[in-house]
Amino acid sequence: MAEQDSLLTSSPHESSSSILSEISNVSTKAFVLAFIVGSCGAFAFGCIIGYSAPTQSSIMKDLNLSIADYSLFGSILTVGLILGALICGKLTDLVGRVYTIWITNILFIIGWFAIAFAKGVWMLDLGRLLQGISVGISAYLGPVYITEIAPRNLRGAASSMAQLFAGVGISVFYALGTVVTWRNLAILGSIPSLMSLPLLFFIPESPRWLAKVGRENEVEAVLLNLRGAEADVSDEATEILDYTKYVKEQQDVDGRDFFKLFQRKYAYSLTIGVVLIALPQLGGLNGYSFYTDSIFTSTGVSSDVGFILTSIVQMFGGILGAVLVDVSGRRSLLLVSQGGMFLGCLATAISFFLQKKSWWDTGTPILALISVMVYFGSYGLGMGAIPWIIASEIYPADVKGAAGTVCNLVSSISSWLVAYFFNFLLQWSSTGTFMMFATVTALGFVFIAKLVPETKGKSLEEIQSLVTYSPPQDSTIF
């Protein structure tokens, strides 16, 4: 437990550097390279999300686009997300984790260059669609790959830290979009994927995928590559092989159909994964993300100041969450994160109510700013990365592909629902909209407290055995 003790004693100012130091100290070159590839993928995802907002006016002007044309460009990303979600599970199971990373990076690059050299709307939309498909695949693939290769004491921290780069990508592209032309910004967006391609020659395949497809003789060699030539990986290899053998025996009994995921024994794990993935979206994440400027403007807050402060707070929350995820555990961070998002939604609703009634005019903008900062800071602390970490931990190999498809579809559809209806809800009632989000986050807190198990410090095989058949008997908060 020495690695965990060093995390406990590190100061907040050393948070991110201590995690990276731990990763490099206890892991091999192969794992560090795999972590870099995962981080580049998350950063590329953030760049895609952050691209459209600062470039809207210049793209519309240069290509003579209508509002409808640009709206299609923005929304077609979601279509790609759904298409990617439909194929992600089957693809990663069929060709493996590393070859699928190759595919997603190539799609990222083609998408960016299609946008950069677009002469009309069809090329622009094609590039965005390809990006959406790639994001739809990699949203689940990234956490799964890092989770399957990481040592158990660093699994949560490595996954959280990699996902943190998505937020960095969004912030970087918001800033660059104010000083770089939209075509050059698209070319810059391809750099993370171009950097990843040569590294893919040196990263290993997931040992759990190798065991699943019958390449058992390669498992121990890959584990030695990941843990170090002097490491004793015999117990870990045996655990992976024994559990994979058991899963295959169950496949022979239950079949290999996609709908096997919906058998009763997987009901608990499927519920956990689907609800955790949907909670941030249904709790207003896209409403806050896409319409932060409208929220600030409506309540009298400077958009520039609000965005800068919100980005800093979300980044700090993400770093703090990455430090604590393997110390305090997933479940505790989820509870704190969900509770903070509830308070943020509630405070936003109150600020709109006060603004509508013209009460406390001097304090309302401050309350609105604080509420948005609390929401994004709390989201970064836990609900940003941990749902995907848990979803990548709890499913056995025989249903992991199907579960990835379902989780990705739920995320994409719930994200689209909130993004589409948010403006209509604001026109109905700004206060009522955020009270709805507050209600969802409150229900989510209860769900986490009662049903979500702690997975810190357990092997993937232990976790999957725990959740496959029935929920734990003791599910109290403490």
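We count from 1, first residue shown onward.
Glycine too: its Cβ is placed from the backbone N, Cα and C atoms.
Keep in mind that TrEMBL annotations are predicted by a computer and have not been checked by a curator.
The following features are taken from TrEMBL:
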DOMAIN    30-456  domain 'Major facilitator superfamily (MFS) profile'
TRANSMEM  30-51  transmembrane segment
TRANSMEM  71-89  transmembrane segment
TRANSMEM  101-122  transmembrane segment
TRANSMEM  128-146  transmembrane segment
TRANSMEM  158-176  transmembrane segment
TRANSMEM  182-203  transmembrane segment
TRANSMEM  266-285  transmembrane segment
TRANSMEM  305-325  transmembrane segment
TRANSMEM  332-354  transmembrane segment
TRANSMEM  366-390  transmembrane segment
TRANSMEM  402-422  transmembrane segment
TRANSMEM  434-452  transmembrane segment
Which bits of the chain, at least 6 residues beyond where the transmembrane segment (266-285) starts or stops, bring a Cβ under 8 A of a Cβ in it?
260, 334, 338, 341, 345, 375, 379, 383-384, 386-388, 390-391, 394-395, 399, 403, 406-407, 410-411, 414-415, 417-418, 433-434, 437, 440-441, 444, 447-448, 451-453, 464, 467-471
With the transmembrane segment (71-89) as the reference, which stretch in 30-51, 158-176, 366-390, 402-422, 434-452 has the largest tally of C-beta pairs below 8 Å?
402-422
By Cβ distance under 8 Å, which residues at least 6 away from the ends of the transmembrane segment (158-176) in the same chain are close to it?
16, 19-20, 23, 35, 38-51, 53-54, 142-143, 146-147, 150, 185, 188-189, 192, 307, 311, 314-315, 318-319, 321-322, 325, 380, 384-386, 388-389, 392
Would you call the transmembrane segment (101-122) and the transmembrane segment (402-422) in contact, using three or more Cβ pairs under 8 Å, pairs 6 or more apart in sequence?
no
Whether the transmembrane segment (366-390) meets the transmembrane segment (332-354): three or more C-beta pairs under 8 angstroms:
yes
When you scan the chain for residues with a C-beta under 8 Å from the transmembrane segment (30-51), skipping those not six or more beyond its ends, what do you find?
23-24, 77, 101, 104-105, 108, 131, 135, 138-139, 142, 145-146, 149-150, 158, 161-174, 177, 185-186, 188-189, 192-193, 195-196, 199-200, 202-204, 225-227, 289
Near the transmembrane segment (332-354), which same-chain residues lie under 8 Å Cβ to Cβ, leaving out any that are not at least 6 residues past its ends?
276, 279-280, 283-284, 295, 298-299, 321, 324-325, 360, 363-365, 367-368, 370-379, 381-383, 386-387, 430-435, 437-438, 441-442, 444-445, 448-449, 452, 454, 477
With a cut-off of 8 Å between Cβ atoms, can you find at least three pairs linking the transmembrane segment (128-146) to the transmembrane segment (402-422)? Only pairs 6 or more residues apart in sequence count.
yes
